[in-house]
């Protein structure tokens, strides 16, 4: 029917047609991929923009998820026992997170330095010295049988009274040098630590174990009897701090600029120092000394905050601190089976953040 030449030409044409069709389909697929890639990238960019533009909302959602996991994970049907117990521990973690985070943020605002914490004033060292003195004079058995409310009140009154005396002497109308106040606090901290080390050498090993256990923060053994007092103290302090939020914004401009803009610097600074002392004393008496936790959460807050206004950062630092404690305690209790201690991990992470901030400051 067909000659060989015609059959070859038809076969060649069909081959060329097939190859052209394949190239066209390949080009269409590439075009579709090129159109899809910018669309995916734009969606990711929009998601990231939403996260960065709503840090408080995202932090609140993460906190709610953390609270839900903390209350419900591995309950196994024992709701009547687990919920009240975990609810009290959850409230304690949130109170401590608020107290440590807000006090550190206010202290950094007052000193204009992002690597300083209220522990420089010697609160932690004074707390450890008080525990050592109580064990030394009363003994380990009597120390463990002290009324927790009376002990809590004694610790708060002693730490707050010492800080108030320090503020009155070194931060008067004639002298408002915060640098000298911090240096004196560091010196007293060294003195208190030296006295604690001396007492540790004088007591027997059994009593020393009690002092050692009381010298570290314990987030899983909070006394529920102390929550009511701590919550009231934090609520009153929150009302005072919220009234000062705009004055704190002006204070970030510097002492001279704040005074020129009508801020009563001496009264505001003394009020902030008083609130800081109350919050740190409350958190320390509730769970124990925590050195670098405030530095860690303030660094995270400054990183994700949209601006430096205290109306946003005060809320954000509280949420971040609560997330760290609640989510961390959930991980160590329910997932790892108490294989580690949250306070040790927090101190390690906070110390690393402290070193990073120092190196970044030196480069600038």
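Using N, Cα and C of the backbone, Cβ positions are placed for all residues, glycine too.
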For TrEMBL, the entry transmembrane segment belongs, out of 152-170, 247-265, to 152-170
Stretch winning on C-beta pairs under 8 A with the transmembrane segment (120-140) (pool: 182-203, 269-302, 314-332) is 182-203
With the greatest number of Cβ pairs under 8 Å to the transmembrane segment (338-360), the stretch among 90-108, 224-244, 269-302, 314-332 is 269-302
- Quick one: do the transmembrane segment (314-332) and the transmembrane segment (182-203) reach 3+ CB pairs under 8 Å, ignoring pairs fewer than 6 apart in sequence? no
Highest Cβ pair tally under 8 Å against the transmembrane segment (90-108), stretches 182-203, 224-244, 269-302, lands on 269-302
